[in-house]
Amino acid sequence: MNTATGFIVLLVLATVIGCISADFQGGFEPYEEEDAERIFRRSTCTPTDQPCPYHESCCSGSCTYKANENGNQVKRCD
């Protein structure tokens, strides 16, 4: 077994052991429904003060023109 193969085997072994240990500590407990909805919404909407191409993509549901660091007016989520 050469060095690269040995390194890959150790990496896979460490990953498997880490996953098993996380499961014993409750790392893979199922999410509550509210948590899952919050995580999904956060991953699909644009957070506050980020550029917004459309109103419906903002987490707050609205965006307004605000001055950026160059003084230009850009649409950002509220």
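For all residues, glycine too, the Cβ spot is worked out from N, Cα and C.
Around the Cβ of Cys59 (disulfide bond), a 10 Å sphere holds 16 further Cβ atoms from the protein chains shown. Classification of Cys59 (disulfide bond) by DSSP places it in coil, neither helical nor stranded. Per Swiss-Prot, disulfide bond is recorded for Cys45-Cys59 (among others).
On its own chain, Cys52 (disulfide bond) has Thr46, Cys58, Cys63, Lys75, Arg76, Cys77 as residues at least 6 apart in sequence with a Cβ closer than 8 Å to its own Cβ. Per Swiss-Prot, disulfide bond is recorded for Cys52-Cys63 (among others), and the stated evidence type is similarity to another entry.
Residues or ranges marked as disulfide bond by Swiss-Prot on the basis of similarity to another entry: Cys58-Cys77 (among others). Cys58 (disulfide bond): 21 other CB atoms within 10 A of its CB, across all protein chains.
Sequence annotations record features per position, and here Swiss-Prot assigns signal peptide to 1-22.
Marked as site 'Critical for insecticidal activity' by Swiss-Prot: Pro51 (among others). For Pro51 (site 'Critical for insecticidal activity'), the number of other Cβ atoms no farther than 10 Å from its own Cβ, over all displayed protein chains, is 13.
Counting every protein chain shown, 10 other Cβ atoms lie within 10 Å of the Cβ of Asn68 (site 'Critical for insecticidal activity'). Marked as site 'Critical for insecticidal activity' by Swiss-Prot: Asn68 (among others).
Look at Swiss-Prot and you will find Arg76 (among others) tagged as site 'Critical for insecticidal activity'. Within 10 Å of the C-beta atom of Arg76 (site 'Critical for insecticidal activity') sit 18 other C-beta atoms, taking all shown protein chains into account.
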